Amino acid sequence: MEQEDTLIEIAVSVDSEAAEAVSELFNRYNGGSYAADSAEGEASGGGAVIEATGFDDFGQPIAGQFRLTVKTYIKPGRRGAQIRRQIEEGLWHLSQIYPIPEPQIRTLRQEDWAHAWKKFYKPLRVGRRLVLKPSWEAFQPQPDDLVIELEPGMAFGTGLHPTTRLCLAALEEHIQPGDAVLDVGTGSGVLAIAAARLGARFIVATDIDPLAIQATRENLTRNGLDGLPDLEVDVRQGSVPDGLTGRFQVVVANILAEVLVGLLDGTYGNVPLAVPLATGGHLILSGILAEKDAMVLQAAARHGLQLVDRKQEEDWVALVVQKAT
Ligand SMILES: C[S@@+](CC[C@H](N)C(=O)[O-])C[C@H]1O[C@@H](n2cnc3c(N)ncnc32)[C@H](O)[C@@H]1O
């Protein structure tokens, strides 16, 4: 019988495509928030955590060594046992479609869990000037470096995932000093902080997950971005914000292809994603598996957005589209 202060970790090492399917499974059965206790006082939630390992000193994946491990953490108890069962069955079904090995299951003390993934996370250079620095690591920046200090907590956005790195590279290319930037699905706030470092002066960061909002607020403070006279950052729970038509020179959304299509068409909220984008502005769409980019591009075209760049890392694609002038 597991103790109350323990968590069950389920970990599966897979390729990028299977990682998306396994993450969806973990989020479906073990999504939500640890704060949202059930009637019996048992928390569920946590969703999926993706760890990537096997990078060289320049942050490039090393052939044969690069691996993705998708993990989820379950509280023991009656509800936890049910979640574990659903996940094990779901993994069995997925293993009929994708090459998925036997899941590694172990019991962790909660304290260990909070720190378990940290050993893989080192300072990481992305693009020309951006450096992602875990808050617990020492790092000596070069004069031109733009350092983003992060403690992602439960939120997505360490920079370990290609989809985040593709967005960071695109932000570096498209943000001009003084721009207004909208970050939909901010996770840890990594892209919003990058936008501030690159010179954006009005930033709105949204996420449907309250844990992401909390992590983003903490990371903004950690990076000294609170209360600056020449910077306004607005962190809101939600999706595409209302009342900001044509306000942003750059909009970024790193979510899955299916969600991006829903956001573009306005079926996942009241405001279609192109509405807050300024005329001539750039929309960066990431989190797209290569075989799904046509679907996202078609949705973008329906809203007057034209492709200006396509970036790819492994199986993941980011599209940069522009609102016609
Ligand atoms: C893949 S993470 C991206 C995090 C971070 N922006 C990055 O690039 O690393 C996607 C985030 O989008 C959020 N999300 C999912 N659907 C959303 C929606 N419809 N509107 C806003 N945020 C959403 C999730 O909660 C999650 O934090």
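Each Cβ is built from the backbone N, Cα and C atoms, and glycine gets one as well.
Record check: TrEMBL places G185, D207, N254 at the S-adenosyl-L-methionine site, and the matching candidate among T158, T164, T279, T325 is T164. Here S-adenosyl-L-methionine is bound by T164, G185, D207, N254 per the record. The longest Cα to Cα distance in that group is 15 Å.
Just so you know, the Cβ of G185 (S-adenosyl-L-methionine binding site) picks up 24 other Cβ atoms within 10 Å once every protein chain is counted. Neighbour count (other Cβ atoms within 10 Å of the Cβ, all protein chains): 27 for D207 (S-adenosyl-L-methionine binding site).
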